[in-house]
């Protein structure tokens, strides 16, 4: 298609264009939208001259001032052109589109002297406003553990004199006196979502034009298309580092979901602006030249002295990031073939740029339900993702579409999530009016429909009509009519009912704790018995005992004094005294205090190395099976007597081979059989394992796996180390004080055509879809895979989880979680709605199941194959390069971290290959993979990494949102500095990395020692000093231990750069983006995925 002829030059602005005819005098203005005018615009002119096609604004030449308009213009020419508004650019619709009313006074044509391509192109390296620094420039160093103050004075912490000045990044500046608190992550994500939702749909034949400033794109009839990110055009020389432009050049890759801090500048230095690295995220007009404002230095202009020092690598030109380049080339519309199916579908390139780890904290994709899907407008009508989230927030209409997409389809459920400060409590319906479908037994929820004047309601699962209960609109307590639209079950997706007697087969059970404590010689020597007795004694007041029915019992696996009841027959254990072995916590408190105070002294001189765990478990089961309850096993040695005896089977020759999976399976059938019996009697078993040697975690963790319990593992435990004793005491106390659910059953219902096909977690499957849970611990997660029975012909599907349980206060309750999702026939909608966090959680559970039942190699291959399938299908069906090899990997924005999370699982202790990982550590990591909620599993797979020596001044202080955390960094060793201090945490451990050239001032302020050589590495407790830096670091560590919903207490390790080699390797193994034999680095893994995608067929 060639551009039209150039308009003739003329000084008159009122002469018509070469393809327009002036209307006769006195005639009414013609409607440009009429068919006659549309045909006139499309047909070539019949006047003299060669036939031409009407030119669109994208093909016009820039009009001259006061000259005639181009043939494609729809507005009458004006003698004088109005100058463009500051900060915005006006646009005009294409002749092939329906034009709209122009703004008053606007000429309705492109900006003078600029083509629309130039107008829509953002200037390179511009941030929000015009106060940003030029690329390659260095902002002023902050006050902290860096190179000193900006003016070179003695204030602050100078770098080691033997080292050259370290180039400073933009985030290493201080706040000016007028610093304004930045937006938090939720506010930034809401702003990002609003910008995406304002982007209307566009068709392939439509041209992409940004709207005018202040004008709604949908209302103006103009079309805005998401830019197609493209690979970064590199320089002539290959970089030696993995992040040539992100790390060693002008700026860090930013994200819409950063932690919200904004650094400050030194005196006299304008603060750098954050959050505008991606032009597609900017408001219209930002980043353009504004007359009268001071502009940032650009290429070819001298850079101020305070901005010099941050230069590119040798031989590499300074160039914009991938996102900026993608924004400039967004008009090419490489995705036009599929863009009309989803306005928010945005394709990003994976290779050539560091992953944006900020998005790991982002909420899942928005659930776009049809209008009026809910009968109320409550913001809580759909389930919160912390309770239940789906891997796909748009359900495919057919099983063929799901198979074509290669995306996993399942649910991640945390039904008994803990309530933190600021969380809404679960609403409780206390009037015993429970409306359920008479056919499928679905509970009434916000997505049902009332018919026949409100007398009946239609089930949203099976569409059966049901009678509304007569007391549904009546409050039995106040004896007054109530508004049904205010009922909690119609306004909240998460609700609890107080169950009537028909939901009980027996009275609600009391809370029962039966402790089975190993008192063998290893348990006494390591200090486990003394620590456990002291912790239980101090936690008795924290155990839930609202109704005064809580009972406590203690069983030891060895002989004792005459006051104790001894079971001598270990082959057929019996109860020596059938009654009164469980003492009431309120009535026998003094007796419990005496026993727990003397427990350690009773066995302090024992030399018995035997551990009769099996008989002790059988005795405990016979004791509490008529009532139900919890058995807490505290074991410091391997069971070696009679029933349930185990042998040391750790064979180093099997580690890293195909037979390693046999070490991850149970070695004795007794424990699995015993767990099934416990599940039938509503008895839960929890394991606390203390292993100075082999503990066979794989076998003993079978008990919690099938009874809904939990496993805690303390390798090389010794109470002589206060850090070990503190971790165990904290976790045991928190675990005992939790308000849990007792004697529970859980069922997940789905709309007709869907069914639950596989379950992952700690439970026992009683029937095809009924899960038996003797206990439901706080914050334990369950994953469920979904399959199709039939195609879907409905616009919305629902998943409802019902948990019938007894609360810790003795009430029988039903917790209902309802999640509604739209149905789609579009492949792009599926990819646009995919939740990478939920997908990772489900794939982690599937990999653990595969690794235990088959081989670890099969589990690792399955993860990589799934990642290749997702990338290959997206390349084939969702990008322009559907056939042939491509130089880059592309995926939708909401799945861009899937390869990184997959690599994190491959490098994790649970699945990593090699012969250096003990089977106990691997089995425990697999247990955490299967039970951790998504909030804790993601940092367990991809740890958080912070730089503390140069963090902004507000980090580590208490703000409006609590303690302010630093900005996380990518997991790469290139972030480490020899004079730096770094923190890495994975929700189970916290590491402090201290560089070998840390300045003495840092060592003194943080550790209270004069120099680096005096720092003690290893497991430690950070001292509490009066210095500001020490208090800030302690606050950051404290928040890290408390901000997640688990009872786990991360321990602190200090890693010196030239310290213990084992600790150094342990720390470096968490840096996922680095190469660690035999696993590839992140960029090598992307190259491997790209080769497989290009060579495969999807």
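Using N, Cα and C of the backbone, Cβ positions are placed for all residues, glycine too.
Residues annotated as region 'Disordered' in TrEMBL: 1-238. TrEMBL lists 9-18, 69-79, 127-142, 185-217 with the feature compositional bias 'Low complexity'. Among the features that TrEMBL reports, compositional bias 'Polar residues' is placed at 160-184. The domain 'Zinc finger Sec23/Sec24-type' annotation in TrEMBL covers 434-471. Annotation source TrEMBL lists domain 'Sec23/Sec24 trunk' at 508-733. The domain 'Sec23/Sec24 beta-sandwich' annotation in TrEMBL covers 742-824. The domain 'Sec23/Sec24 helical' annotation in TrEMBL covers 835-938. What TrEMBL records for 964-1035 is domain 'Gelsolin-like'.
Highest Cβ pair count under 8 Å relative to the domain 'Sec23/Sec24 helical' (835-938), across stretches 508-733, 742-824, 964-1035: 508-733. Mapped onto DSSP helix, strand and coil, the domain 'Zinc finger Sec23/Sec24-type' (434-471) counts 0 helix, 11 strand, 27 coil. DSSP assignment over the domain 'Sec23/Sec24 helical' (835-938) gives 71 helix, 3 strand, 30 coil.
For the domain 'Gelsolin-like' (964-1035), the mean pLDDT of the prediction comes to 95. Helix, strand and coil content of the domain 'Gelsolin-like' (964-1035), in residues and according to DSSP, is 22 helix, 13 strand, 37 coil.
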